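J.: My questions will all concern the structure given below.
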Amino acid sequence: MNDTPVVGVLALQGDVREHLIALAAADAVARPVRRPEELAEVDGLVIPGGESTTISKLAALFGLLEPLRARVRAGMPVYGTCAGMIMLADKILDPRSGQETFGGIDMIVRRNAFGRQNESFEAAVDMKGVDGDPVEGVFIRAPWVESVGARVEVLAEHGGHIVAVRQDNVLATSFHPELTGDHRVHGLFVAMVRGSAAPGAL
Ligand SMILES: NC(=O)CC[C@H](N)C(=O)O
């Protein structure tokens, strides 16, 4: 791949702009993705935080559910934050009726596990694959990971709960690095897109 990968941000709902800025700061060409034709043109994709039930509905409406599932299966690197993490789980513990995910990580997530909007918090999180100081984890109605399959690498925990994981080409965090101005997690993802951060090497 050339040195500057093109990384899309799924732009159906959620904090799209913040991810576009963080990806550009991490040396990717970043662009919003709303249509299957746009999905076909990116080397990697970020699924932002927002509301997973809304993202699920809009993805079906925009004809993106199947094309996106197919690209994840084909090995396209994908990174989901918060609602994006939920969208990448093979299973949701407490889904709304009809709520679908793209899947990609053999895990079960619990939505809103850390509490409601007014219980949002920040915490220092030590994350495997991110050198130096802990990352500032911003948790907003965040999910946690209840359980993972054998192929899932746990990258971070907070309060005894799994909050960052990777399975092969798919990365997910309960928290929102795009809101902190610290672009190291996006840097890790861009390295995955470039093919320079192999699974198990973190
Ligand atoms: N900040 C977020 O992305 C919140 C996620 C939200 N609780 C959901 O279930 O989708």
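Placed from the backbone N, Cα and C atoms, the Cβ positions cover glycine too.
Where the annotation comes from TrEMBL, it is an automatic prediction and has not been curated.
Keep in mind the model is a prediction, meaning the values are calculated, not measured.
According to TrEMBL:
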ACT_SITE  CYS82  active site, nucleophile
ACT_SITE  HIS176  active site, charge relay system
ACT_SITE  GLU178  active site, charge relay system
BINDING   GLY50, GLU51, SER52, ARG111, ILE140, ARG141  L-glutamine binding site
J.: I need the most crowded of these recorded positions: ARG111, ARG141, HIS176. Count other C-beta atoms within 10 angstroms of each C-beta and give me the top one.
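T.: Answer by Cβ density within 10 Å: HIS176.
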J.: So which binding-site residues out of SER52, ARG111, ARG141 end up within 10 angstroms of HIS176 (active site, charge relay system), measuring C-alpha to C-alpha?
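T.: Checking Cα-Cα distances against HIS176 (active site, charge relay system), none of the binding-site residues falls within 10 Å.
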J.: Listed recorded positions: SER52, ARG141, GLU178. Which have a CB under 6 angstroms from an atom of ligand 1?
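T.: Checking each Cβ against ligand 1, the ones under 6 Å are SER52, ARG141.
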J.: Out of GLU51, GLU178, which has the highest number of nearby Cβ atoms, where nearby means within 10 Å of its Cβ, if these are the recorded positions?
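T.: Counting every other Cβ within 10 Å of each candidate, the maximum falls on GLU178.
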J.: Could you tell me which of these recorded positions, CYS82, ILE140, has the fewest other Cβ atoms within 10 Å of its Cβ?
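T.: So among CYS82, ILE140, the recorded positions given, the one with the fewest Cβ atoms within 10 Å is ILE140.
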J.: How many Å lie between the Cα of GLU178 (active site, charge relay system) and the Cα of ARG111 (L-glutamine binding site)?
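T.: Cα to Cα, GLU178 (active site, charge relay system) and ARG111 (L-glutamine binding site) are separated by 20 Å.
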J.: Tell me the coarse DSSP state (helix, strand, coil) of SER52 (L-glutamine binding site).
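T.: SS state of SER52 (L-glutamine binding site) = helix.
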J.: Using the residues the record lists for L-glutamine (GLY50, GLU51, SER52, ARG111, ILE140, ARG141), what whole-number Å value is the largest Cα to Cα distance?
T.: 13
J.: How many neighbouring Cβ atoms, not counting its own, are there within 10 Å of the Cβ of GLY50 (L-glutamine binding site)?
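T.: Summing over all protein chains shown, GLY50 (L-glutamine binding site) has 20 other Cβ atoms within 10 Å.
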J.: Would you kindly give the Cα-Cα distance separating CYS82 (active site, nucleophile) and ILE140 (L-glutamine binding site), rounded to the nearest Å?
T.: 8
J.: May I ask which residues of the same chain, at least 6 positions away in sequence, place their Cβ under 8 angstroms from the Cβ of SER52 (L-glutamine binding site)?
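T.: In sequence order, the residues whose Cβ lies under 8 Å from that of SER52 (L-glutamine binding site) (at least 6 apart) are ALA83, ILE86, MET87, ILE92, GLN99, THR101, ARG111.
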J.: At the Cα level, what's the spacing in Å between CYS82 (active site, nucleophile) and ARG141 (L-glutamine binding site), rounded?
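T.: For CYS82 (active site, nucleophile) versus ARG141 (L-glutamine binding site), the Cα atoms are 8 Å apart.
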J.: Does DSSP give ARG111 (L-glutamine binding site) helix, strand or coil?
T.: coil
